[in-house]
Every structure is written in structure tokens, then in C-alpha cells.
Amino acid sequence: MSPAMVFTQNGGVLSRREIPQHAPERFAQALLTALTGGWRVVSYFGMQEEDGVRLFCLLSFKSHATIGVMSTLVTGKSFYSLVPQAPQLHLFEREIAEQFYLNLEGHPWPKPVRFAPPLGSLPGETPEPPPTIGVMDFYRVEGQEVHEVAVGPVHAGIIEPGHFRFQCFGEEVMHLEISLGYQHRGVERMMQGRPGERMRKLMETVAGDTSIGHGTAYAMVVEALSETRVPARAQVVRGIALELERLANHTGDLGAIAGDVGYLPTASFCGRIRGDFLNMTAGICGSRFGRDLVLPGGVRFDLAADGAGQLSDRIKVAREEVQNAVDLLWDTPSVLARLEGAGVVSEQTAIELGLVGPAARASGLNRDIRRDHPFGIYSMSQIPVETAKSGDVYARTLVRWLEIEKSLDFIEEQLSQLPGVSVANPVREVAGDHLAVALTEGWRGEICHVAVTDARGHFQRYKVTDPSFHNWTGLALALRGGQISDFPLCNKSFNLSYCGFDL
Amino acid sequence: MIDTIFHVVLVLAMPPLLLGVIGKTKAAFAGRVGAPFLQPYYDMARLMKKGIVLSDSTTWIFRAGPVVTLAATLFAALLVPLGKHPAPVSFEGDMILFAYLFALGRFFTTTAALDTASSFEGMGAAREVSFSCLAEPTLFFALITLTRLSGTMSLTPMLQHVTLPVWMATGASLLLLLAGLFVVLLAENCRIPFDDPNTHLELTMIHEVMVLDHSGPYFSCVLYGAALKLYLLGALFVNIALPFASGNPYVDWVVFAAGMLLLAVAIGVVESVMARLRLIRVPQLLVAALILTAFSLVLVVR
């Protein structure tokens, strides 16, 4: 019998011929066996082929820093859901069914994900147009005093669109269902074709606040496919930029959480300090969000000697300021009383849903791509992983703060020992008929990019998995049994991306 | 006569200024410059010039809500003495009318909210009614304590009775009463820690969510009515907290106005140094305030 899967590492590349293609039954069995054995799904997607839809599943095994790949071919209209045994697949399967116009059998909640037209379909099938966005049967609780609250897709304040449907008993939320897709742009369709500058820019805008995270993942995919080495100095600059992105967003989140509980001082200070971190990124590359900094093969802008010194000084000032602002938060009992016990996600739930990033770490899951599947500078220089136990808003706030401290330390350490001189190597031709995978730890969590090339070296399929894709269900479950008035605070503590999910 | 003119002018013109002072105080704590002191006036003037959007599903109740509420609050304004000056309207038992004019206003605000049939507004109305059920007894306990001290059920003589000698004799009771009144003042005016007047998050709001559908002049009425309510409950508080009378009516007017501004600063400080309570904790704090005022009554009747 052929091996269940073929192994590679983060930033690795495989020839398409090496990837085992199982019969659907064997694929399901191998997948479930792997999941019980401690593997975790990082990406699971379909790709149109001549004789059907090929499903690729990529799994991560933390302790060996290994990524396993396997595939199967769906030729019939239906494929069987594994969700009853493996809940973490639930959204991946719904996505595959929607993108390739398949029937999902045995899924407990088979609904559209983005209400988008399919990417492809079985040979001979003509897909119908997708249903009107947001129009579906929501889960309903019936009863005398049960009431339904619908929020969105248009919200107060400047945030992205999404629809939230609460089933409430008085102030208590019995169930929350989240319906997204309003930001769908067809990113994965646009990513089919010849790799190039346009695609790099597109990847930087998958989620506008995670340009470095997604940009680095794209660069790693192209580097893997073209066997391009990245100079050490460029890796350091990428690492610094990624941590600056984390600092800016985590600081902004702490301020927003403080603002949601009505605690003004931290809200105002953190709002400003977030701007300072963004300006540091602008100091490196001219863009506050790090656009066009990361290129396949390296980085576009170097940190000059005096630039590194200046950045180091600004980091020192910002460290003191953010420390003061956040200490106010920890020193105010009314704030802590508000944060503790709100929106609890248990460790068991987090494991079953496959949560990632700070939300997972706040529920006690020790997972961080920077350590589990180290890439770039993180394979040379370790960054400690911070976790918390309680899984509530307080834990998510605390984990963010601890990560801010660690990121500041990391940047200062890297700035003191910048290696080499060269910051970019030329990129060679992208290899045809290969599959490349790149994982990065953006500030929201694990970002996974997978590219499958055709014989000409064009992307036949480019799969982006934003951390929000894993975590939205976590938010829905955090509210279960909670207070509806706690929703905005819980939402802020997750701070997920709509466009990163909607693609 | 001159006192009545002063009373009417202050009550009509000053309330939005308190909101401006609260805003400035909060801005100072947050390290910002903040909006001008007169910003609430500009906002109301701007709203007066705007058009009105009415939902098809609403009836006359929705339109009556802001008007009745404002009218009730304006009438209540004639019953409260400002500083050491008698109120324009005063009769035995007016304290009960005072309390129930607020209740009338609330009744119309909440029914107007229910009239929209919006799930948000229904939620806000439910919250408002359940919390004010707990705030109202506190106000009554405070008024009964004052009745017991002064022997009258009319606001003007009752509040003018609170002088330095009375403070010396029953200071403990009055302190408890003031603490309870301050909590009611914050709760009734949807200030932090009960409600966040600045939030845009409908699901967490209490008062603001009930008036989401009001627009233009109606919304201006709602804002002005809310400012007036803050002013009146604040005047009640300041009357008891500042038992000084100089004898010169003009000095007393200045002392009163300064007292109101100080109160606004105090509210701004409270809003800056603490976070909002979780909604399910709000009744607990209101009950605590009720117990404080109940104790103050126990202290004077024992």
C-alpha cells in the first residue's frame, strides 16, 4: 500500500507526481487517522482537473515541524463529509462544495460560505448562479420569550460588512450564526495564471492589515517554486517588519478593547502608539502597512546603519509608552472585572475547531508557526510563545500584551546584529507541475498559502487560508451562553478579518 | 421675579454646557484637546436644521415620544430650586410630581422605542425599564429622608432646609444619601459605569439604542431633554452637597453655577477612571445605592 501522505517542511516544494492520490475511502481514512494521531489541517482545497475535482489536504505535525500532503479525486457529484468525526474540517468542506459545485453529504450544516460563483465544476456540469448573499435558513430557536436579533451587514462605525444572527433568551445568547461573503473579490480566481508583480500586490491586500504576513507567504511560495535563496539580511528585515505589523495591530487591539469597555485613557494612548508603530514600518519602506517591502527573493528596502539605530531608539520610546498605557488597563479593577469571564472558548472547543493565533493561545493551545514550522529568521532566532489558560476576553487581551513584549525584545535583538549586505537575490523561473506550501504567523495567526503549478509554471490553483477562516466559528461559540451585550467586546478581542475570509 | 428669570434662563441655556464640560474632562484624561465646550449646542443647532426620516411602521407614538419627554422634563425644571433660590412652582407634594414627570418621560421614550418594532430598540427599552425600576426607589428614599429632616413634601423648602447646622447634626445620613443620589444621577443619565454615551455599539447600549430611529429636530429634542435631565438631577445633588448661603442672591447664583460645573467635572473624572460595568452587574450597583439611601433614612428616623 502506498504511504498515506508525502512529507515536506514549511516553504517546501513537491513534485505533483510525488503526491499520493488515494481513492476517496482511503483518503478519508488516512485523513481521520492522521487527525487522531495529532496532525492538524492547515489547508484543504479543491482544484479542477480534466476528469474531476482533485482535493488536496495539507496537514501539520507540530513536534516534527512537518507538513504532510495527500490528495484524492472526486468524480461523482457528491462527496462525503468527515465533519462528524473531525469538526475542524467543517468550513473547508463547505468551501470545497461551494467552489466546485459539489453536493456535501453528511455535513451537519451544509451552507454557502461566500455566496460566490464556483471556481470550477465536474466535467459536463453547468453551475447555477449562487444564491443571493445572506439569504439562507439561519438556525432558529423557537419559544415564548426567545427573540432574534439581526445585526449587519451594515454596521455602525467604520468596519467591514458581515451579518450576525443572534437567538436570544432575554439578554442571554443561545446561538450566534455568522454569515459572511460580502467582501468577496474573487482573489483565488485572479491568482490563476503567471506569477508576477500583480499577484504579489494582490496578496498584500488579502487582508489590508496583514500585508507583511500574506506578502511573506506569497514570496515564500514563489521562492520555493523557483529555488531562490533569500539573503540573511532580507530575512531579518522581513522578521522585523512582521513583528512591527504585529505590534501595531496588537497595540491597536488593546486600545480598541479598552474603548469598548469605555475606558478612555488606554484607548486614546494605544490609538496613537499604533500609529507610531505603523510609522516605523513606513520608515523602512515608505508605506505604513508595509506594502511593496517583501519581494520574492528578498526585500525591496534595506535598513541602513543609521536607519537601524533610529528604529532602535523609536522602539525604546514606544516600549515605554505602550507599557504605561497598558499598565493603566491592568491597574483598573473595573476593566479587569469587565474582561474576565466574558466570551470563554474552552481548550477542548479550540482544539476541535482548529483555532489559530492569539485566540488559540488564549485558550491554552500552544501553537505558533514561528516556533512550530519556523521560517526565515525564526529558524535562527527563537521567539517565545505566550499562552493563557482561561480562554476569555481577558486571556486574549493578556496574550496580545505578552506578545507585544516579546516582539519588542525580538526587534531590538535583531537590530543589534544585522547580518550581511545583500537584501535580494534574483528570482529564477517558477517550476512547472509542482506544489509549494508556505506558512507564516501573521498577527492574527497562521497564514497558509499553497500554490499548484501547471506544466508551464503558471498557477493552476493558489489557495490562501487566512487565520480568520479558522477563527470566525470560535467567535460564534464564544458567545454561546454569554450576554448579547458582551458581543462587541468579544468581537474586538478576536478582531477577525472579513476580507481575509471572503477573499 | 429676578430669581424666576435667572431660573428660567439657567435651566434653558446651561444644560448642554455640562455635557461640554464632561467631554473636555474626559479628553484631558485621554491626553486629547477635545471638542469645544459649546459643541453640544452646535450639535443640537445642526440637528434642528436637518430633515426627519420616519419609518413607515411607526405611529404618532413615535413622534410624540421626544416631545412629551422634553415637555415633562421642562415642567420638572420648574419644580427644582436652583441653589438657595425658590423654584418658580412649588406646592406641598411636588416632589412626587417631580419624580413621576421623569417616569412619564421615560414611559414615552420606551413606548416610542417599542413603536419602531426594531429588535435593538426593544432590547434597549427592556433594559431601560428594568434598570429604572431599581433607580426610582433610591430617589424616593432620598426624598423621604429629606422630608423627614425638613418636615415638608415640597422640593423648595425641603432643599433649602439643608444648611450647615443640619449637616453638622445629620452629616452621616446626608453623606449616604448623596452617595445614593450620585449613583442614580449616573444611571439615569446613562453615564459610565452604567452606559457609555459615546459608544456606537448598539448591542451594548441602554438609552442611546432607544433613540436610534429618531432624527433631525426630534433627535435634537431627545439630546436636549437628556441634558436637561442631567441638569435637574445634578441640581438636586448640588443643592444638598453645597449647604452654603451667602445672603447675596447674585453670589449664590454664581456659587450654584460653579457647583454644577464642578459636578460635571466629577462625572467626567468618574467616566475617565473606570470602565463600564458588565450589563448583568448594573442591577447590583443600583441595589447597593438603594441600600445606602435606605440606611440614610434609618439614620434619621431611629
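Cβ atoms are placed via backbone N, Cα and C, with glycine included.
Keep in mind that TrEMBL annotations are predicted by a computer and have not been checked by a curator.
Annotation comment: TrEMBL describes B:6-23, B:60-83, B:95-117, B:129-146, B:166-187, B:222-244, B:250-270, B:282-301 as transmembrane segment.
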Of the listed stretches (B:6-23, B:60-83, B:95-117, B:129-146, B:166-187), which one yields the highest count of Cβ-Cβ distances below 8 Å with the transmembrane segment (B:222-244)?
B:60-83
Any chance the transmembrane segment (B:166-187) and the transmembrane segment (B:282-301) are in contact, meaning at least three CB pairs closer than 8 A with a sequence separation of 6+?
yes
What stretch in B:6-23, B:60-83, B:250-270, B:282-301 has the biggest tally of Cβ pairs under 8 Å against the transmembrane segment (B:129-146)?
B:282-301
Which bits of the chain, at least 6 residues beyond where the transmembrane segment (B:6-23) starts or stops, bring a Cβ under 8 A of a Cβ in it?
34-41, 44, 77-78, 82, 85, 87-88, 191, 223-224, 227-228, 230-232, 234, 253, 257, 260-261, 263-265, 267-268, 271
